[in-house]
């Protein structure tokens, strides 16, 4: 199929004129982008390149590359049961936290999206955890999770006559316990975003749905969720990346244990680099994590985004 | 013309941005001594809570009595955090640096410090008053690279009141693994729907190292890495297996409970009388005594030994003070003055009283403050006796490797595997030894150690 070239409309500039304009626009764009580009170059792109570079070496404890190893770090990652475990644990952690956080926040946001006196108090309460840093949250939950009788959660279980739980001490319960704490922490941010999304939905649609006899569930299922889908999609992407990159709670509460049951990739990288001083293998893990998150985000945009309803 | 102007602005902005960013890094390299004024000594430490308060009050006293030297105390988080910070950028380091026991080898190999021995020789500083067992831990070839400071030994804490209630003699604490097990059985009981366990100890690699030494076994080869650089881990020796077998059996029998890695959890459980015996550093006696006040009496015993163990003793733990070598001579000399002052009897006594760390200057025990402390906590003497009763040899001097942090974590994981029924003691320790050995060899390779 031969396509006809669009004819230049009369009065349009000459080719060289267009080029000059393009260069000028580029210069302008660079001018405005400059400061952030410099910061990105120094704090993101340079470390990224350096990470890839280091992953081909064995370093001394100060991080200077000493022995060229080629792709050996990657090969040993592939064969390493410990790394496969870290990947699995990371995915499980995402699975435990992301849907839970979004669902819990959605429920709270729908509940809080009514016009009542004093509803602001609830809205503030539900969004409070956004102001809590990971470090303080982890310290609070350390007291809650304490396996001793003085641990709050176990004390409450005892009060209602349930047996004690090992929380962070057994391999089976450690990751779910951390997920519980992470969901609690993530609800604040998710709630605020969803609340904003809900508030921007046009009231008329709900009104006409009510006139047509749609109940609360039908309204929620067929109007709220589709209209809110851009917000939900945004949270899905952001929460997934955040879950993959979680670090503080692991560092403070479990140190990756017991028996590596909470040794997510990020924590494993940290441990390998800053405790074992093996910057080469740690960099290789970082590169793999980057690829995993990249692929996953692309998949999310390719598959899930089709279901998103943009107004 | 306009285009060129835009480019000019652009390039100026680029340069400014660069300056701004790189500017963040400089400025802190030099400690900014003011001419003619007192010399500032920056002192990085990792003491939190009560020890931090004690250290601050000591340094305040130093600053008040020394017009020519002013010490700036900087808390750098945990030992690991501080150590990693220095590893990452040695040039941004302090004058005086508190490093944990197991960082000694790396500090020497990396050549970051001026050996303390240089200062000691030059001012003919008298070391004869120092506890020999503590000196031996830090000495390399008879040379001291750092000054021992906060020092502790592990001990067995037991609840005397519960001993009495269980029909045991509160003045006869268990001394061997078998006795611990027997007493733990007698102390385990269920009352009011709550189970009381006879024993519990945190999953802490330091305890394993201490038990190993107590049982006369080396941690690494080549004389614990002291005759020459270690090349192989020995944690999977029969002594190591025996420790974990004993540890696991008590948990399986339900006379001990696993409270995870945090020593704070076992301390809380001991204070709440949920467990009757525990292992911990002698340094926490004041804390435990506060927790027990009005509820029960605390007893202290030496670290239990394996059943057929020969006469040996635990190593030590804690930290020492290092003077970094890339600082001006005057600052290093000033830091040395601070070190000398801190280790004097009066200061050491105040340090022990305020923290529970051992008085490593023998003359400190003659200070009135220490005598008052001992009158209040008479059982503290057990810890000091244990230090004195330990024979000096390669085992009790402790292992010296550059990758101790990761080795300790590897052992902790092995303990978890055993306690949580994922592996037998032998299998877990074999795997751990293999991992530690390969870490040691990689370290030796990258540091150019033959």
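Cβ atoms here come from the backbone N, Cα and C positions, even for glycine.
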Open item on the list: Between A:223-244, A:245-266, I'd like to know which one TrEMBL lists as transmembrane segment.
Closed with: A:223-244
- [ ] Could you tell me which of the ranges A:53-73, A:284-304 is annotated in TrEMBL as transmembrane segment?
- [x] A:284-304
Task: Range from A:29-49, A:124-144, A:178-202, A:223-244, A:284-304 with most C-beta pairs under 8 A to the transmembrane segment (A:87-112) - done: A:178-202
